[in-house]
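Participant: Copied straight from TrEMBL:
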- His103: active site, proton acceptor (ACT_SITE)
- Glu42, Asp43, Ile105, Asn156, Asp157, Asn212, Asp257, Asn258: Ca(2+) binding site (BINDING)
- Cys31-Cys341: disulfide bond (DISULFID)
- Asn258: N-linked glycosylation site (CARBOHYD)
- Asn312: N-linked glycosylation site (CARBOHYD)
Amino acid sequence: TEICLSACLSGLILNRLNATREVDPVALPNCRLIKGIEAGSEDIDILPNGLAFISSGLKYPGLKSFAPDKPGEIFLMDLNEKKPKASELRISRGFDLGSFNPHGISTYIDKDDTVYLFVVNHPHQKSTVELFKFMEEDNSLVHLKTIRHDLLTSVNDVVAVGPDSFYATNDHYFSDFILMFLEMYLGLTWSNVVYYSPKEVKEVASGFYSANGINISPDKKYIYIADIFDHNVHVMEKHADWNLTHVKTLQLDTLADNLSVDPDTGDIWTGCHPNGMKLFYNDPDNPPASEVLRIQNILAEKPTVTRVYAENGSVLQGTSVATVYNRKLLIGTVFHRALYCEL
């Protein structure tokens, strides 16, 4: 019985990680690696004016880092330029840059056009959400506050819904690495989504294997959540009290990471891991592959899912995000490079 149980659990975890899948390549002709980004581009958020924020330098338990001793960074790219370049954003004094370990990010534009940047941070392997104000005149970030809460235990991503409020995904119930692995190994569905505001903090969705990327529809009516280990995207209806109710689930054959929403079409773009086992094993001769999906009409009975880009890891390893602006596509990774493509 013990052997059977162990084999069944091993089989479950292999299924969760999609461990046998190899990727069929889908090429894009006009792509180039972005100079200066060498240690990840885990999440990307683009403002309506074409300024793209890129989170880089994530150190995550169990995953590789190409710059383990270097603090994380936020890069900026202006996608209106003919040949966009990435430049590091300066962060105001008083913020602890030495332990900066940025993960998911989200922007919010206030009524007075102030741009706020929310950054999931893991200083010393804890979870905080850092709130910055973007100063476009000198390309800098002013740190406003650090948000900590007992319900924000293992934060992966956020989507801002106000100047100091957001939804956040906790990708695990536990924050200790051994317990996180055990949680995944046992297939526990203890991951959740939390709503945060200065006045109220509450769990609004639960029962995920590992809630990862989160975003909002252009009409602000729906919240989209990627459950990376269940290979799907959940559509939730957002209510006036900020609670969420389940509308539908779109099943995929890949591990969807971050979700980006095209503000013009409502299409969802996601960076995916075709085979999650390769992310953890990190064999230089068999690196984690990359895959980008575009999901059209997610509320329809049969949404259209298109594989826009796929590659075996020789160019880009471990894709975590894909986002578009004006027929330009940015593809980011957990710990590797970033790709700029013209569609």
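Note that Cβ sites are derived from N, Cα and C of the backbone, with glycine treated the same way.
So where do these features actually land, and what's packed around them?
Facilitator: Its Cβ placed at the centre, Asp157 (Ca(2+) binding site) has 31 other Cβ atoms within 10 Å.
Taking all protein chains in view, 19 other C-beta atoms sit within 10 angstroms of the C-beta of Cys341 (disulfide bond).
Listed in sequence order, Glu42, Asp43, Ile44, Gly104, Asp157, Asn212, Gly213, Ala226, Thr270, Gly271, Ser320, Val321, Gly332 are the same-chain residues six or more apart from Asn258 (Ca(2+) binding site) with CB atoms under 8 A from its CB.
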Participant: What's the CA to CA span in angstrom from Asn156 (Ca(2+) binding site) over to His103 (active site, proton acceptor)?
Facilitator: 6
Participant: Given the recorded positions His103, Ile105, Asp257, Asn312, which one's Cα is the least distant from that of Cys31 (disulfide bond)?
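Facilitator: In terms of Cα distance, Cys31 (disulfide bond) lies closest to Asn312.
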Participant: Would you mind reading off the Cα separation of Cys341 (disulfide bond) from Ile105 (Ca(2+) binding site), to the nearest angstrom?
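Facilitator: Pair distance, Cα basis, whole Å: 21 Å.
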Participant: I need the least crowded one of these recorded positions (Cys31, Ile105), counting other C-beta atoms within 10 angstroms of each C-beta.
Facilitator: Cys31
Participant: Same chain, not part of Glu42, Asp43, Ile105, Asn156, Asp157, Asn212, Asp257, Asn258: whose C-beta falls within 8 angstroms of the C-beta centre of the Ca(2+) site? Give them in sequence order.
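Facilitator: Those within range, site residues removed, are His103, Gly104, Val120, Gly213, Ser320, Val321.
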Participant: So for His103 (active site, proton acceptor), how many other CB atoms are inside 10 Å of its CB?
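Facilitator: Total other Cβ atoms inside 10 Å, all chains included: 26.
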